[in-house]
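Peer 1: Got these off TrEMBL a minute ago, pasting:
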DOMAIN    33-274  domain 'G-protein coupled receptors family 1 profile'
TRANSMEM  22-42  transmembrane segment
TRANSMEM  49-68  transmembrane segment
TRANSMEM  102-128  transmembrane segment
TRANSMEM  140-162  transmembrane segment
TRANSMEM  168-192  transmembrane segment
TRANSMEM  213-235  transmembrane segment
TRANSMEM  255-276  transmembrane segment
Amino acid sequence: ENISDFSLNVTDCTQVVVPEEVFFTVAAAGILENLLILIAVVRNKNLHLPMYFFICSLAISDMLGSLYKTLENIFIILCKMGYLTRHGDFEKKLDDAMDSMFILSLLGSIFSLLAIAADRYITIFYALRYHNIMTLRRALVILAIIWAFCVGSSIAIALFSYEAATVIPFTILFPLMMCFILCLYVHMFLLARSHARKIASLPSSTVHHRTNTKGAITLTIFLGVFLCCWAPFVLHILLARFCPHNPYCACYMSIFHVNGTLIMCNAIINPMIFAFRSPELRSTFKKMFYCSR
């Protein structure tokens, strides 16, 4: 709040506020869409595969992001109405819990995207040994390790968020992981053609290769959407920590609500991409809707 007031004094940038109706509508849509993904995977036994379990992990991360922004907005409304104070002990603990949820959502999304990318890499380049390499048990173990690390890291970062030694590794992790995933995708596309030639003699190899390439394109779209939706908010965290009184930084931080809305838009876009590009999920959704009718 102090940073916002300062930015109004030293810059011509006015605070951009997203209407509460729009905010809650976007958040509710993101939660419902990702919940639909989870229900579809649980109900369809044909989707009980490592790839879709990793997708469920991403859906849970998106739900946490939408839930975090919803709770934060409710918290701000209650403060304005006088039911809560900004500096009380209970409010401080509640704020730390919401910050932990936000960090958990971000870390969960990053590592879920990494797991999906690794799974797609194995599918494309080790197709004949995929079921031996990526078993369902190994996928569950990977997810358990990912979420245990994310939960522990989110609690630690939320408790020590005011320390520069905590903020710097957290913000550095985001571009490093994104660069690693991007390099993995580039490697996949560069070697996909040569790999297709090696398996050209196998039955249905062309169809299998096209399916895997389509999956790689889908995940690339996911990565681009993720960067566009989360990067502005991560940049906001960096600027708020290291240059809060700079006029240019303060001007950028005036669009805080817009950056938060982008996070929730990511939770809406991801399920739509899978719904449109995954035949298995489309078929499952149709069966679910017909049964409900």
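Using the three backbone atoms N, Cα and C, a Cβ is placed for every residue, glycine included.
Keep in mind that TrEMBL annotations are predicted by a computer and have not been checked by a curator.
A quick note: this is a predicted structure, and the numbers were derived from the prediction, not measured.
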Peer 1: For the transmembrane segment (22-42), find every same-chain residue at least 6 residues outside the stretch whose CB is under 8 Å from a CB in it, and list them.
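Peer 2: Same-chain contacts beyond the ends: 48, 52-53, 55-56, 59-60, 62-63, 65-67, 69-70, 73, 257, 261, 264-268, 270-272, 274, 281, 284-285, 288.
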Peer 1: Taking only the residues in the domain 'G-protein coupled receptors family 1 profile' (33-274), give me the average pLDDT of this model.
Peer 2: 79
